[in-house]
Amino acid sequence: MADVGDVLMSVLSTIRVPKPGDRVHKDECALSFASPESEGGLYVCMNSFLGFGSQYVERHYARTGQRAYLHIKRTRKTKKEEDNNSGSGHPPKKKPTRLAIGIEGGFDVEQDQYEEDIKVVILPDRQEVTSEDLSSMPDVVRDRVSQSMAGIVAADSVSHTLQVQQWDGEVRQESKHAADLKQLDNGVKIPPSGWRCEVCDLQENIWMNLTDGKVLCGRRYFDGSGGNNHALLHFQETRYPLAVKLGTITPDGADVYSYDEDDMVLDSKLPEHLAHFGIDMMTMEKTERTMTELEIAVNQRVGEWEVIQESGTTLRPLFGPGLTGMKNLGNSCYLNSVMQVLFTVPDFENKYVSNIDKIIDEAPKDPSQDFKTQVAKLGYGLLSGKYSKPALDPGEENGTSEARGDQIGIAPRMFKALVGWGHPEFSTNRQQDAQEYLLHFINMVERNCRSGTNPSEAFRFLVEEKIVCQQSQKAKYTQRVDYIIQLPVPMDQATNAEELQEAERRRDEGDASAPTVRAQIPFTACMAAHSEPEILTDFWSSAVQAKTTATKTTRFASFPDHLVIQIKKFTFGLDWVPKKLDVSIDVPDTLDLSALRATGQQPGEELLPEVAPPPLMTPDVEVKAPALDESTVSHLCEMGFPLESCKRAVYFSGNTGIDAATNWIMSHMDDADFTAPLVLPGCSSGAGTTPTESISEEHLETIVAMGFSRDQATKALRATSNDLQRALDWIFSNTNDLESMDISEGGRSAAESESASEPPPGPRVRDGPGKYELFAFISHMGTSTMCGHYVCHIKKDQQWVIFNDQKVCASEKPPKDMGYLYFYRRVSRLSGSGCCPWRRVEVWPQTPSVQSHPKCPLPLHT
């Protein structure tokens with residue numbers, strides 16, 4: 001074996017020192033979930049700074065020829081070592097005192113303490129070099145290798161930086177009203193204690209308006225607690241923006257809320273503003289919990305939390321394949337729950353896990369940035385059972401763990417960073433909506449499965465919308481692709497209405513002992529509310545060329561293999577304050593939706609004429625572009641819709657008013673060009689679509705690298721104002737247009753395109769019987785999608801299992817009535833075969849046609 005010093009000298013030119021901007025992956029293998037805490041430790045390439053477990057480091061050496069790796073091995077400190085370090089015995093887990101992550105007093109992401117062993121390993125002979133060994137080597141070797149080692153150790157790991165980036169929910173901005181707040185000289189003086197709401201006499205959650213000194217109660221929370229909204233109603237009447245929460249005033253400050261800015265704010269002139277009403281801030285003492293303390297308490301709220309997490313029972317831990325926990329990376333429970341369920345679906349297992357060896361062999365130079373590799377890595381980590389092992393307490397060596405079910409599990413840092421990259425929400429450490437993340441991930445699967453099998457087809461289905469003009473009785477049929485059914489919650493259908501009303505009455509009377517009653521809503525009522533015809537007022541009928549009333553009915557044009565149902569628990573009150581409905585819904589184990597299958601055009605039924613909207617009159621006949629009603633456009637923008645969408649709505653509804661434009665928006669929100677610039681007649685192009693507009697070369701290369709031609713990428717970027725994210729959405733939503741366009745490079749020739757005798761097919765959807773069985777559900781605990789916690793329950797081998805981050809246990813009382821997202825799979829008539837693998841529906845521009853393999857035993861739907 002060659003002298004190690006000579007070997008180091010021979011590879012010295014390949015050893016780099018990390019520079020600012022270099023991505024250092026030193027806490028997770030790029031191809032597995034091996035880490036420095038794993039049995040074999042982690043090998044960090046000293047050239048690319050990619051990390052590899054012992055299973056894959058030889059592969060990386062064989063592919064790249066890189067020989068020098070920094071080996072990092074961490075060992076958890078024993079309880080005795082931690083006791084000696086702390087000087088106070090084994091410390092209890094601290095309760096959070098701040099609404100923050102990665103900050104002292106905030107929610108802990110990881111508390112484990114480790115000892116670290118570091119050395120350089122030279123492949124293929126695995127020669128080892130420690131820091132002490134370097135001291136006897138030539139200066140040029142010692143200096144370069146020591147600097148690289150120190151640089152890698154000191155660098156912030158990519159995934160660690162993303163994981164524990166500090167988030168402080170208590171950081172507040174100065175209110176724009178603070179400096180020049182108007183205060184009325186009305187002689188009002190506020191006593192130092194004994195406050196009551198001037199309207200309802202409530203004595204808790206009391207706020208004083210800083211303009212007129214009105215003392216009123218705060219907002220009512222979703223569970224009926226809090227106040228009666230009188231301070232909010234006062235703002236809506238007077239527009240006086242700032243209020244201070246009485247009982248939180250101390251010499252250091254107080255809770256100040258800006259109704260106009262809809263946020264907790266700072267008021268640098270608070271002492272002066274309080275003194276105006278006779279309050280000496282320096283003598284006040286805190287008597288009520290601050291809003292931060294209340295939110296922390298809500299995040300650990302008893303009741304809903306205990307029921308969903310089955311806290312009242314001793315749960316039996318489970319281990320093995322398909323029973324792997326996932327570490328919470330700081331509010332990543334929404335990701336954990338969604339991915340646990342998705343890898344219960346055979347399509348995702350077959351696409352990624354069954355082919356993991358091939359996927360890894362074909363992985364690019366930097367696998368940390370490859371979507372297929374990272375999804376396969378996650379799926380294998382969840383299903384293999386390799387990481388489904390009990391988590392040892394510090395100092396334990398016998399392989400046992402506590403009965404609560406904590407696992408070593410996997411920490412999907414690299415996956416989270418890649419899937420969330422560039423997204424304004426999923427790239428952060430804030431809590432997110434599980435339903436939105438599910439759709440975001442499905443969208444990414446669609447983008448990356450343009451060729452080959454596409455597992456998202458398991459959820460994809462066709463929706464038929466039928467609109468009937470009530471004056472002419474003529475109909476219009478449209479179809480769209482969807483992945484989720486959203487069921488409304490008809491609160492007026494509660495079966496315990498009298499009990500709810502009694503609890504409400506007692507709260508209104510100030511009865512502090514009034515119980516919190518959860519509304520009992522029948523699932524059948526939710527389905528009925530979803531499927532009943534919707535009344536469209538001010539509908540522009542092409543048959544009568546006038547506004548009239550119409551009905552819109554939504555039905556299934558195809559039934560997917562796996563059906564996702566969302567219960568719309570998150571809504572807005574009459575005052576537009578977001579709230580969560582506290583409801584219990586008797587969701588069934590089996591579901592038959594056959595009666596909701598679309599029937600299409602009926603014999604003798606006439607269709608509405610396909611004509612353009614009425615011409616728009618313009619004040620100047622020389623101006624060819626129609627004039628849009630700016631007041632309607634502005635009104636729609638104020639409702640939160642994109643400007644270009646508002647222009648489209650006004651134009652395509654014929655400038656016939658706000659109601660018609662709103663109806664158009666609600667019917668076209670899923671259109672691929674919903675936010676694309678409107679090109680008016682007489683105008684050569686819209687914003688961002690001019691042929692001479694500069695297109696980002698970087699964006700072009702990104703899209704071309706995904707398998708599209710340069711012409712297709714250019715068309716997508718021009719259609720979306722050179723916005724990469726929107727261009728990717730556009731390009732995958734306009735496959736038909738792209739396939740039929742003349743392609744000059746990277747695809748078919750123009751002659752080949754012109755010779756196509758049939759229109760290209762659209763998205764494929766599967767079809768079959770509309771009978772389903774429940775196999776998983778995701779539940780949410782907390783007051784909104786932006787806070788709280790997600791847990792999922794999955795049925796495995798006829799046993800319900802609860803996945804609560806790293807805890808995986810047999811479920812004793814699965815709270816099926818408390819779910820947020822429900823996952824059903826088709827009940828097949830083929831014994832033990834699941835859904836028919838041959839049956840497909842090809843969606844053509846006009847009419848969907850069902851195609852079936854000769855072996856398929858299911859009858860065709862006509």
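Cβ coordinates are placed from backbone N, Cα and C, and glycine is handled just like the others.
Unlike curated entries, TrEMBL annotations are predicted automatically.
According to TrEMBL, the feature active site, nucleophile maps to Cys333. Summarising the annotation, TrEMBL assigns active site, proton acceptor to His789. As annotated by TrEMBL, Zn(2+) binding site applies to Cys197, Cys200, Cys217, His230. Under the heading substrate binding site, TrEMBL lists Trp207, Arg219, Arg220, Tyr221, Phe222, Tyr257, Tyr259, Asp262. Per TrEMBL, compositional bias 'Low complexity' is recorded for 744-757. Residues or ranges marked as domain 'UBP-type' by TrEMBL: 173-281. Annotation source TrEMBL lists domain 'USP' at 324-827. Marked as domain 'UBA' by TrEMBL: 627-668, 694-734. What TrEMBL records for 73-98, 742-768 is region 'Disordered'.
Those same-chain residues not listed among Cys197, Cys200, Cys217, His230 yet with C-beta within 8 angstroms of the centroid of the Zn(2+) site C-beta atoms are Glu198, Val199, Asp201, Leu202, Ile206, Leu216, Gly227, Asn228, Asn229, Ala231. In this structure, the CA atom of Arg220 (substrate binding site) is 14 Å away from the CA atom of Cys197 (Zn(2+) binding site). Other C-beta atoms found within 10 angstroms of the C-beta of His230 (Zn(2+) binding site) number 21, with every protein chain shown included. In this structure, the C-alpha atom of Tyr257 (substrate binding site) lies 13 angstrom from that of Cys217 (Zn(2+) binding site). DSSP labels the residues of the domain 'UBA' (627-668) in these numbers: 30 helix, 0 strand, 12 coil. Each residue of the domain 'UBP-type' (173-281) gets a DSSP state, and the totals for helix, strand and coil are 16 helix, 24 strand, 69 coil.
Taking each Cβ in turn and tallying the other Cβ atoms within 10 Å, the top scorer among the binding-site residues Trp207, Tyr257, Tyr259 is Trp207.
Between the CA atoms of His789 (active site, proton acceptor) and Cys333 (active site, nucleophile) there is a gap of 6 Å, rounded to the nearest whole number. A 10 Å radius around the C-alpha of Cys197 (Zn(2+) binding site) takes in these recorded positions out of Trp207, Arg219, Tyr259, Asp262, Cys333, in sequence order: Trp207. The two recorded residues, Cys217 (Zn(2+) binding site) and Trp207 (substrate binding site), have Cα atoms 6 Å apart. Cα spacing between Asp262 (substrate binding site) and His230 (Zn(2+) binding site): 16 Å, rounded to the nearest whole number. Its own atom aside, the Cβ of Arg220 (substrate binding site) has 20 Cβ atoms within 10 angstroms in the protein chains shown. Only His230, of the recorded positions Cys200, His230, Cys333, have a C-alpha within 10 angstroms of the C-alpha of Arg219 (substrate binding site).
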